[in-house]
Structure formats: structure tokens, C-alpha cells
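Straight from TrEMBL, the features:
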- 7-208: domain 'PNPLA' (DOMAIN)
- 11-16: motif 'GXGXXG' (MOTIF)
- 38-42: motif 'GXSXG' (MOTIF)
- SER40: active site, nucleophile (ACT_SITE)
- ASP195: active site, proton acceptor (ACT_SITE)
Amino acid sequence: MGKEAYAVFEGGGVKGTALVGAIAKTFELGYTFSYVAGTSAGAIVASLIAAGYKAAELKNILDGVDYLKFMDEGPEDKIPLVGKVVSIISQKGIYEGDYFESWLRDLLARKNVKTFRDLRVKNLRKDARYPYSLQVIASDVSRGKLLVLPGDFRDYGLNPDDVEVARAVRMSMSIPYFYEPATLPYAGGKSFIVDGGILSNFPVWIYDEDPMYPEVPTFGYKLVDPDEGRPHKIDGPVSLFGALFATMMEAHDARYIEDADFMRAIPIPTLGVQTTDFNISSEKKGALYSAGYEAAEKFFASWNFETYKRKLVNVMLRNRRNLPV
């Protein structure tokens with residue numbers, strides 16, 4: 001039996017290959033993940049781990065994937081000159097996301113996973129809040145609400161047991177305007193569901209326990225861009241929109257990460273790769289994998305569970321004192 005841990009994976013599109021390198025090192029050290037969670041690309045990796053994929057299998061999958069196929073176009077997109085604009089206006093996004101969902105569904109099926117019923121935790125702890133081994137973060141922009149799936153499917157009249165895992169992950173990775181949003185029925189109409197990164201791109205908080213003395217550590221796998229922390233250069237409406245979007249993706253988790261990163265977040269360099277660099281080369285994929293592996297190696301060289309518990313309790317007590325009455 002390996003050393004038990006929970007794992008949370010940050011979103012980052014094609015940069016997810018770096019996550020797999022860090023996971024490989026973690027598994028080499030004898031850890032197993034009983035619960036996983038993630039946003040966007042992090043949700044993809046988390047779902048495959050929950051299904052039972054090993055690190056070597058994950059590497060083979062990502063080495064072989066053709067990300068350009070994820071840019072699947074509908075009829076509107078193929079209209080000369082104005083197709084992309086028409087698609088954004090009529091479908092609220094450019095690419096369909098159907099190819100991705102089918103790709104992930106097939107991978108999960110190879111491990112006999114289809115719906116969240118297949119990911120129910122068999123030996124549920126008495127104090128466990130989550131009956132499923134996988135949690136996926138998405139954003140309901142119609143209701144202005146962060147979703148933790150599959151549990152929050154109940155708010156839409158759905159039984160989490162019956163929802164396909166690939167569908168939930170498709171919701172989590174729906175980058176606004178890049179992909180058409182997913183929808184869920186709500187109050188006689190429908191809610192539009194997009195990338196969870198808008199509200200929490202690094203949900204390292206998700207498995208925090210109360211009382212504040214964890215029996216199991218949570219490891220957060222955080223993708224770090226070379227320019228992270230630098231001011232956004234704004235010289236026009238396009239760059240302003242980009243800065244606003246980046247702020248939405250980063251600010252929600254920022255304070256929490258600042259408190260917690262020194263003890264449980266593994267900072268993984270992403271080597272300047274962008275979220276939607278779908279034409280990424282094999283060489284760059286390999287470099288990302290190595291960056292993740294080396295980052296985890298460095299992190300675990302000095303990590304200690306007792307120190308982790310002591311510092312985590314101090315952080316949570318401080319945060320509680322700062323809460324408004």
C-alpha cells in the first residue's frame with residue numbers, strides 16, 4: 001500500500017504535460033491519490049488518474065495526442081472571412097469541443113469508467129464530504145456560481161451518479177469564446193457553463209478538512225508561467241480584455257495560494273508555453289514533462305508531513321480570525 005495523498009491540479013491547457021512529469025515523480029516516491037481534483041487541463045489529468053491510469057500511460061497519451069484536433073469547427077466556422085465571428089455570436093464560442101469530449105470518453109472507457117457512479121469511493125470515511133474520488137471545477141456564468149462537480153449537478157435536477165465524467169470535464173475546460181459553452185437545465189431555461197478557471201483555476205482548498213488536523217496531505221500541482229507576477233501591459237482594448245481575463249483566472253486563488261504554497265504547492269515551470277499552443281512540438285512536450293518531474297523532485301526533497309500539518313493549522317487559524325463576523 002502506498003502513502004496516501006490528495007492531489008489538486010491547476011488548469012493550463014496544453015501545459016498539462018508538465019503536470020504528468022510531476023505526477024510521475026510523486027508516484028515513484030510511493031504516493032497514491034485517493035482523491036483528486038482539477039480545473040480545465042487539471043481536470044483532464046485528474047479524471048484519468050481517478051480512472052486508474054498510471055504515470056507512464058498518461059505520458060504516452062499526451063505524447064500522442066494531436067491538440068489541433070481539439071479545434072473542431074462547426075458549419076458556422078467554415079464561412080469564409082466571417083465564420084469565427086458568426087460562431088461567437090450564434091454559438092457563444094468558436095470551437096465545438098465535441099472531439100475532445102469523445103476523445104476523453106474513449107480513454108475513460110478503456111478503464112471501465114463512464115459515469116461518476118464508476119468513481120464512487122468504496123470505503124468512504126465517516127467525515128468525508130465527497131462520495132466520489134474526482135471533483136471537477138466549472139463556472140456557471142448564468143448564475144455567477146462556482147461549481148464543484150459532480151456534487152453540484154444536484155442543483156440542476158441531475159443525479160451525479162448518472163452524469164458522464166467526460167461531460168463534466170468538457171464543462172471545466174470550456175475556455176470562454178475559444179470553445180462553445182456547455183449548458184445545464186435550470187429554472188425553465190438553461191445555464192451556460194464555462195472553464196472553471198474563471199473562478200478557481202487552482203482549487204487547492206477543496207479537500208481542506210475541519211477539524212484542522214489532516215490525516216492525509218494535499219499536494220497542489222501549480223503551473224507557473226515565466227511572466228507570472230509581472231504587471232499586465234495594457235495599450236488598447238484587446239490587451240485590456242486579456243488582462244481582465246488573466247485577472248479572473250488568477251486573483252480568486254491568489255491570497256490562499258500565497259498562504260499555502262510554501263507547504264503543499266509544487267510550482268512547475270511552463271517554459272513560456274501558452275494555454276492554447278495546440279501546435280506544440282514533441283520536443284516542447286518533452287521539456288514540459290522534464291520540468292514537472294524536476295519540480296516535484298525538488299519539492300519532495302525538503303517536504304515533511306509534520307511540518308506541513310503544523311503550518312497548515314496556523315494558516316487556517318489565521319484565516320479564520322480574519323473572517324468577517
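Cβ from N, Cα, C; glycine included.
Predicted, not measured: the structure shown is a model, and the values here were computed from it.
Reported as a whole number, the C-alpha separation between SER40 (active site, nucleophile) and ASP195 (active site, proton acceptor) equals 6 Å. Look at the motif 'GXSXG' (38-42): DSSP puts its residues at 2 helix, 2 strand, 1 coil. Long-range Cβ proximity for the residue listed as 'active site, proton acceptor', meaning a same-chain Cβ under 8 A and a gap of 6 or more residues, is found for GLY11, THR39, SER40, ALA138, SER139, SER172, MET173, SER174, ILE175, PRO176.
A 10 Å cutoff on Cβ-Cβ distances gives SER40 (active site, nucleophile) a total of 29 other Cβ atoms nearby, all chains included.
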